[in-house]
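Novice: Annotated compositional bias 'Pro residues' per TrEMBL: 30-41, in sequence order. Under the heading region 'Disordered', TrEMBL lists 24-70. Residues annotated as repeat 'PPR' in TrEMBL: 276-310, 379-413, 480-514, 581-615.
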Amino acid sequence: MPSMASAAASSSSLAAIRHPHFLPAKHVSPPQPLTHPLPPRRPPRAQLVRGAASTPRTSQAELRPDSKNASALSAELRRLARAGRLPSALSLLDHLSHRGVPASASAFAALLSACRSLRHARQVHAHLRVHGLDTNEFLLARLVELYLALGAADDARGVLDAMPQRGTTAYSWNALLHGHVRRGRGEAAGPVADAFAEMRAAGADANEYTYGCVLKSISGSSRPSMAMATATHATLIKNAFAGAPGMLMTGLMDVYFKCGKVKLAVRVFEEMPERDVVAWGAAIAGFAHKGMKREALEHFRWMVEDGVNVNCVVLTSIVPVIGELRARNLGREIHGFVVKKFGERKDVAKVQAGLVDMYCKCGDMVSGRRVFYSSKTRNAVSWTALMSGYASNGRPDQALRCIAWMQQEGIRPDLIAVGTVLPVCTKLKALKEGKQLHAFALRRWFLPNVSLCTSLITMYGSCDCLEYSHRVFHDMDKKTVQAWTALVDAYLKNGDPLTAVDLFRSMLLTNRRPDAVAITRMLSACCDIGALKLGKEVHGHVLKLRMEPLPLVAAELVNMYGTCGDLNAAQRVFNRTESKGSLTCTSIIKAFGINQKHKEALNLFAWMLSNKFVPTKATFDVVLRICDAAGLHDEALGIFSSMVQEYKLEASQENFDCIIRLLAGAGRISEAQRFADLKSTLFNLPTPSLDFEQQ
């Protein structure tokens, strides 16, 4: 009775012989569709046609079951692997194994590149032994990297330990390190450091690719380790940068930027013997990432002066910096350079999307639209840049239309595009469009994305759909502080501060540490319900979290105590605030005004101006309301004039109404009428005829 192994082998061999590629021409039948739950995606038809044209056709006689044409069969294996038909390729490989026909190393390399599952990788590994290629260092190194990329660390370790020259060559170790980097997803620094230490202990000589993997693992980590960076730097100096100082010093500079050590990164950059476009681009991107916009522009100018040819990668880093600085003239120069240098190259699409974003940030929507519609390769990135520009320039309705227009062009919105439009729906209170975006995100498996869920909670809250906000929050796997805060804010905006307080307490019970935004929302709820005791509890959390020095939190504390009637506590918080500004000064002025201390509030306003604090529009609104409550018409006129003429701020209808009431109450009817006429002219209102004597 045959054993189970022989039965499996015979069934596998029969399956291989029945494959369409082994049948004679007159018996060829169309291949049946695969029933695998995740079938490999077939390449486009045009791609298949090109592949067929470039590959020499093999005669049916060479691919018959009794054929032993190894080169023709290996070529067929490569063709199937490159076409994504891995199950068919494995069936053919199984047939070759049973007939003793050797497959080439290049065929196995193509099979390893096509593997997407651990089961297929192990099958290819087994066939490597059968075909006598289990000593091929190149294939084994690729297998180690594949196992690590698929999450099979034990299998990768087994292959590495069985390699004959494991202790003397860096090739297999580099595959192990690169596999950890591919699999790491932000946490590869630890495994790579352990593997590198083991490699050095085994006596293998590290080369530039080894150190490149180590540096890439540190810079790609979610929390780059400065200790690992300095230790790697010392090792590189000891080994004379492994003969590749340009490449490794560029990687080291990127690591220091990611660690926040800008001075060390600049020192490495200055010590480079030769600076190519990659080194300059890394320096510019590092400065831009750290928010050092002026330094990024300076290095870009020095790069051009040194005669280094600018590529699209460098332009992609520098164009957003120009937009954030609102340097429109410099942006126009870069735009002209792109048109002259790159023309209609395919890799210029990202630069054109950056130009659209740059012009929109500079407030030049006309130029932004011109760049967008002149581009022949519009994609989701350029559409998102245009939508963001419309939203930031006061055209949310156009931003909402853009997401429909891009789909009419056959471009599907990605996660960033949906995340850009959801705040627009919040601003417009467009519930219908928001629900459509929610459904689209569900169909495209964008959810549960934390940022997207938070935007949905805010959008439903602004549209008075608290049930939907709560449902989205409940379905989140990872409830972040931002999501809790968005739900709290939704209940506050819908006039339910008590539920907001309960949600805040529930957040604390989940051991979530509230951020400054959550604290200010909670203090605002205390103001709404006049809960001084609860406000003191929140103040205790502020002290525990050491947030009182933050101007936003300090201003909200002053506002809470002033609204709840504890003026002394508001004064103490204001006095303890070291970094006073217009925000905290406005809060203490408002606190005194609420508690009928009008004279003291105006004295604080005078103190604020004498200490060179710049008042904002909110400050003038508060002070004018205090003058209105106290009946101080002359002071109000002076403050109004200062707001408009000295600080160049636009007066609102409420400001005009305040001045009109004060002047009318003081009997200055002609001046009140003049302000009323000016108000009607500025806001396109009908001209009133004030009859104060009858009032």
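Don't overthink the numbers, they just go from 1 along the chain as shown.
Placement of Cβ uses the backbone N, Cα and C atoms for every residue, glycine included.
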Novice: Using a Cβ-Cβ cut-off of under 8 Å, list the residues of the same chain that are 6+ residues beyond the ends of the repeat 'PPR' (276-310) and lie near it.
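Specialist: Non-local partners: 246-247, 249-250, 253-254, 257, 260, 262, 265-266, 269, 317-318, 320-322, 324-325, 327, 330, 337, 341.
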Novice: Per DSSP, what is the helix/strand/coil residue tally across the repeat 'PPR' (480-514)?
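Specialist: The composition, in the requested order, is 26 helix, 0 strand, 9 coil.
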Novice: Take the repeat 'PPR' (379-413) and count its residues per DSSP category (helix H/G/I, strand E/B, coil), listing them in that order.
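Specialist: Counts, helix then strand then coil: 26 helix, 0 strand, 9 coil.
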